[in-house]
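As annotated in Swiss-Prot:
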TRANSMEM  18-38  transmembrane segment
TRANSMEM  51-71  transmembrane segment
TRANSMEM  83-103  transmembrane segment
TRANSMEM  151-171  transmembrane segment
TRANSMEM  191-211  transmembrane segment
TRANSMEM  229-249  transmembrane segment
TRANSMEM  304-324  transmembrane segment
TRANSMEM  337-357  transmembrane segment
TRANSMEM  359-379  transmembrane segment
REGION    426-452  region 'Disordered'
COMPBIAS  431-442  compositional bias 'Basic and acidic residues'
Amino acid sequence: MTTSAPTEKLPLYRSLYFQVVCAVIAGVALGYFYPSVGESMKPLGDGFIKLIKMMIAPIIFCTVVVGIAGMEDMKKVGKTGGLALLYFEVVSTFALIIGLLLVNLFQPGAGMNIDAATLDTKSIAAYTGPGKMVSTTDFILNVIPTAFVDAFAKGEILQVLLLAILFGFALHRFGGRGTLVFDMIEKSSHVLFTIVGFIMKVAPIGAFGAMAFTIGKYGVGSLFSLGKLMGAFYLTCLIFIFGVLGAIARIHGFSVWKFIKYIKEELLIVLGTSSSESVLPRMMEKMENLGAKKTTVGLVIPTGYSFNLDGTSIYLTMAAVFIAQATNTPMTLMQEITLLGVLLLTSKGAAGVTGSGFIVLAATLSAVGTVPVAGLALILGIDRFMSEARALTNLIGNGVATLVVAKWTNELDMERLQAGLNNETWEEAQEPERVLDKKTEHMPVSAMSDAG
C-alpha cells in the first residue's frame with residue numbers, strides 16, 4: 001500500500017475537536033449563569049445547521065452520480081442498495097428489541113404513579129393532531145419530486161438521491177460521450193467539499209450557540225426531573241453501540257472504539273447541535289478516506305438517515321413503555337410484542353418528518369391503544385436532552401453500516417481502513433478538507449470512457 005509522507009500535527013488550539021469542546025463548555029456556562037442571554041444565542045446554532053443543510057443536496061447528487069456513472073457493473077448498484085436496506089432493517093429491529101428489554105429491566109417509570117387524566121395535553125397537540133403521521137403510500141410518493149429543482153430547493157434527501165441514481169444511470173449509458181459532464185460533476189463535488197471545509201471553521205460558534213440556548217431555555221434543573229429515564233436511555237445507547245455495533249464491527253475486521261475516535265470531531269458537533277445532519281457531508285468524505293468506494297458511501301449514508309435510525313428506535317420503545325410504567329398501565333408480553341411490531345412499520349413511515357420521534361410515538365400509541373397518548377406530555381420537557389444521544393447513536397450506526405455494506409460488496413480497502421483508524425493517515429482523518437487539492441490532481445478522468 002502506498003502511503004503519503006506523514007504530516008505534522010496541528011497545534012491543539014487549532015484542532016476542531018479542541019475548539020468545539022471549548023465552545024460547548026462555554027455554551028453550558030453562559031446558559032447556566034445568564035439564561036436569557038443563552039436563549040438569545042439560538043440563531044448561532046440555527047445558522048450553522050442551515051449552512052450545512054444548504055450543501056447536503058448538491059453533495060449527495062454529485063457523489064452518487066459520479067459513483068454510479070463511473071462503475072463498470074451496474075448490477076452492483078442494485079446489490080449495494082438491497083444489502084443496505086437489509087442491514088438497516090435487521091439492525092434497527094435489534095435496536096427496538098434492546099430498548100424494549102432494557103426499559104423493562106431498568107423500570108424508569110415505576111413508582112411515578114401518574115394519572116393520565118390529569119396531564120396537560122395542550123403541549124403535545126402539535127405532534128398528535130390529525131394527518132401528522134405519513135402513510136406508507138404517501139411516504140413512497142413523497143420520494144418522487146414534483147420537479148427536478150424542487151428536490152434541491154426543499155432539501156429532500158431521498159428525492160435528491162432518486163434523481164442522482166437516475167442521472168448516474170443515464171450518464172453511464174452515454175459512455176465516452178458523457179465524459180465532459182462526468183468531469184464537470186466530479187470537479188464540482190470537490191468544490192462543494194471545499195466549501196464545507198470553510199463552513200466547518202465556524203462549527204464551534206454553532207455548537208456554542210445551540211448549547212447556550214438549550215441550557216438557557218430548559219435549565220440544568222430539568223435534567224434531573226426525569227433523570228431516571230434519561231440515564232436508562234443513555235446507558236442503553238452505550239450498550240447498543242459497544243455491544244451490538246461493536247460486535248458487528250469486530251466481525252467485519254475493525255474496532256468500533258477506534259471508529260468513534262476517528263469521528264470524534266463530528267460527534268462533538270452533533271452533541272452541540274443535536275443534529276446528525278450537521279455533519280453529513282463531512283461523514284461522507286471521511287468514509288471515503290477510510291477506503292469505502294464513493295458509490296457505496298453515496299447510497300448508504302443518505303439512505304441511512306431515513307431508514308437506519310438506531311438511536312431513534314431505542315428511544316421509541318423505551319419512551320412508550322416508560323409512559324406505561326409511569327401511568328401504571330399494565331402491558332402483557334403480547335401487548336409489548338404488538339408494540340414492537342407496530343414500531344417496525346411506523347418508525348420507517350415518518351422518516352425525514354420534523355418532530356418524527358413524537359409523531360411516530362403518538363401514532364404508535366394510538367394504534368396499539370394500550371398506552372395513553374396523553375403520557376407524551378411526561379417526556380416532552382426532557383426530549384430535547386435525549387435528542388443528543390439519539391443523534392450520536394444514529395451517526396455512529398450509519399458510519400458502521402457504510403463500512404459493513406462496503407465490505408459485503410467488496411468496495412472497501414481494508415488496508416486503508418486500518419491505516420485511517422490507527423491514525424496513520426492523520427491529515428485525512430482529522431482535516432479531510434486539507435487534502436482536497438491533492439486529490440483533485442488524481443481524479444479518474446478515464447472512468448467514463450472505460451464504462452462505455
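Using N, Cα and C of the backbone, Cβ positions are placed for all residues, glycine too.
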Between the transmembrane segment (83-103) and the transmembrane segment (304-324), do 3 or more CB pairs sit under 8 angstroms, pairs being 6 or more residues apart?
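Taking Cβ pairs at least 6 residues apart, the transmembrane segment (83-103) and the transmembrane segment (304-324) are in contact, with 3 or more under 8 Å.
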Six or more residues beyond either end and a Cβ under 8 Å away: which residues meet both conditions relative to the transmembrane segment (151-171)?
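Apart from its flanks, the transmembrane segment (151-171) reaches 53-54, 56-58, 60-61, 63-69, 74, 77, 142-145, 178, 181-182, 298-299, 302-303, 305-306, 351-352, 448.
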Can you name the far-off residues of the same chain, 6+ from the ends of the transmembrane segment (191-211), with a Cβ under 8 Å from a Cβ of it?
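16, 19-20, 22-24, 26-28, 30-31, 41-49, 51-52, 55, 58-59, 62, 268-269, 271-274, 278, 281-282, 285, 432-434, 436.
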Please report, as numbers and ranges, the same-chain residues at least 6 past the borders of the transmembrane segment (229-249) whose CB is under 8 Å from any CB of it.
91, 94-95, 98-99, 102-103, 106, 108-109, 223, 255-257, 259-260, 310-311, 314-315, 318-319, 322, 379, 382, 385-386, 389-390, 392-393, 396-397, 400, 403-404
What residues in the same chain, six or more past the boundaries of the transmembrane segment (83-103), come closer than 8 Å to it by Cβ-Cβ distance?
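Hits for the transmembrane segment (83-103): 232, 235-236, 239-240, 243-244, 248, 299-300, 303-304, 307-311, 313-318, 321-322, 325, 336, 339-340, 343-344, 347, 397, 401, 404-405, 408-409.
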